[in-house]
């Protein structure tokens, strides 16, 4: 027969506490029988290790964990989702988006002398790259410069600080310029389609009219900036052409000065004419010398060698020979004498060639400058409006349902991570 210890018999077990004299149960089982069964079960369980007081402590700890579980769920999930629901449904202001699309296009005509322009470094006048201009316009829309340009026309801070907007979405006027630039970049978003070169701009404000008005003002400023960009490029190219003309003129002036100095030193306007004159003089003297030689030969045949006529002819022959030799030495001589006519003619030819090259360079530079100035009057880059600023019919922001769902998913994820972390730490501690 099994004996039940007094401790087990006197221990209160979970469930209804039955006494020996209790009435029969619903199924006709005597109360004493049911009490005996419970005591046998308690005795069997008490044989397991850790039962008794430790089991009760574990049960209490489990109940505490269950309470912490639900409290953390309420704090980390229920409260954030409830707060977001209240904000988005009752406090969040409607935001309206006006969208516009435009492209930057340029003329593709070839200017007269386009090859010369390209070879001279002024080829940008003949062909303009509009792909870079698209990104320049997009960067301008994101820059603080457009804020300064729009300030005289539109009070941007008043638009984004509307008293009717909720406190989380509107801009605080007391914040700095850098804070407003960051707010601007969230409210005005340009996107560039690289393949087509189309710029899409979305403007988000708290009123339909403000979105449309601000988008139209941005479009007008972009048109002005494109024209300023083109004018600046043309001005730079014109200044470069003028600088090349000035450099060519300076070289031409220097060449002419050297040529003038050469003429002053040589005391001759054209050394080529002087060389021709010397050649003709030498030819005449040679003819005279030949005549004297003929006469001298005839006289020597009929007269004595000491005859006066022979002496005179010999003297004339010597004078003419010396004169011819001197003139020939002036025309050309060995040893590279710079005073000879040939040397002077070579120097003159070099200076004349330099002067002619400088004159041609001036002509080319002036032609390029003329083409650049003519091109300055042509409008080669312009904005093509593909879609005018649209008037929003309904509010696209905030996306209430989507935002609440995202907050719920995020809060649930954070709560799950926290619970898993706490459970892991407790298991490690045990």
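Quick reminder: no glycine exception, Cβ is built from N, Cα and C everywhere.
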TrEMBL feature transmembrane segment, matched against 43-67, 68-92, 93-117, maps to 68-92
Which range is coiled coil per TrEMBL? Of 320-347, 348-375, it is 348-375
Segment-level pLDDT (mean, integer) for the coiled coil (348-375): 80
Long-range Cβ neighbours of the transmembrane segment (404-425) (under 8 Å; 6 or more residues past either end): 69, 72-73, 76-77, 80-81, 84-85, 88
